């Protein structure tokens, strides 16, 4: 009798041990599943950013190459598709509420969104002018300098430290863009004057600086105003900013009178009326899908990582431009691409070191609490 009771006790203990092991294994698989889903989302957002960024730039150049003349039209295309952001937010499964610093009011957020929208509309117009006068490959290489501007503005706004890798990135990206000023072959191929080429260069580098400023401001808002921002909060920032900029550029196209050119442009478009509509609508959609991808990366990681992925796609555009528009890849551009990639890798490596240091500090805090 005692022997049977001992066996029953041992069986119960074994069963309890198996149940505990099963619970531990289940609980350990939960973080792995969440981590897998997170990286799947990040991969999708990276794909959207890389493809749609290149596509919107190529379509804008395609519009100019086949008879389009309105810089305000290209500007509007970058902003007019903002209702897609509303749809994406509505169907998004992420409904958590954000925590806002009580010292900041909705009025403060509203003013911040208006300022971001005004700045975004100026960036869109300057990039449209740059795309008009510069080859796509040159335009994209100059745009790569946004990483340097982001680091520079983050130094003043977000207290980012200037490490040797950041300084190296700033120097290389600056030289990479400056080399293109002396590239006379590009302007001769496109039959633009020296003055127009310089105007395009100045507008593009100004737009690049504006992007660096706007990304630094976004990071400032996320860290100082919105505490632990949800996906909904980040989407609201993108939506209201785009809404304001869309209103501004619509006023611009009507005030300039360029809206009157739409009918004649459609008739005289070299690829036909249907292609004209498809080019404009595809450019508008791709710009907003790119925004969705960029916002997703900001939420899943940070605005720095989102900007880094954007910079990864910039060297893709010159390669596509050589194939589609037969842009000449001369020695200046090849050297500029090399310096831009070197500067980009330096920036990414510093970002990797920062993330590694942050994870180490987080693990140390957990061990201390345990």
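Here the Cβ of each residue, glycine as well, is placed from N, Cα and C on the backbone.
Residues annotated as transmembrane segment in TrEMBL: 42-64, 103-126, 132-153, 165-182, 197-222, 234-255, 275-297, 304-325, 331-349.
For the transmembrane segment (275-297), the most Cβ-contacting stretch among 42-64, 103-126, 234-255 is 42-64 (pairs under 8 Å). Beyond the ends of the transmembrane segment (42-64), by six or more residues, the same chain brings 73-74, 77-78, 128, 131-132, 136, 139-140, 279-280, 282-283, 286-287, 289-290, 292-294, 296-297, 300-301, 306, 309-310, 312-314, 316-317, 320-321, 324-325 to within a C-beta distance below 8 angstroms of the stretch. At the 8 Å Cβ cutoff, the transmembrane segment (165-182) and the transmembrane segment (304-325) share fewer than 3 close pairs (sequence separation 6 or more) and do not count as touching. The transmembrane segment (103-126) and the transmembrane segment (234-255) are in contact, since at least 3 Cβ pairs between them lie under 8 Å (pairs 6 or more apart in sequence). Against the transmembrane segment (197-222), stretch 132-153 has more CB pairs under 8 A than any other of 132-153, 234-255, 304-325. When Cβ-Cβ distances below 8 Å are used as the criterion, the transmembrane segment (304-325) is approached by residues 46, 49-50, 53-54, 57-58, 61-62, 65, 135-137, 139-141, 143-144, 146-147, 150, 154, 211, 215, 219, 294-295, 297-298, 333, 337, 340-341, 344, 347-348, 351 of the same chain, each at least six residues removed from its ends. Distant neighbours of the transmembrane segment (331-349): 137-138, 141, 144, 147-148, 151, 165-166, 168-173, 175-177, 179-180, 182-183, 185-186, 308, 311-312, 314-315, 318; these residues of the same chain sit at least 6 beyond its ends, with a Cβ under 8 Å from one of its Cβ atoms.
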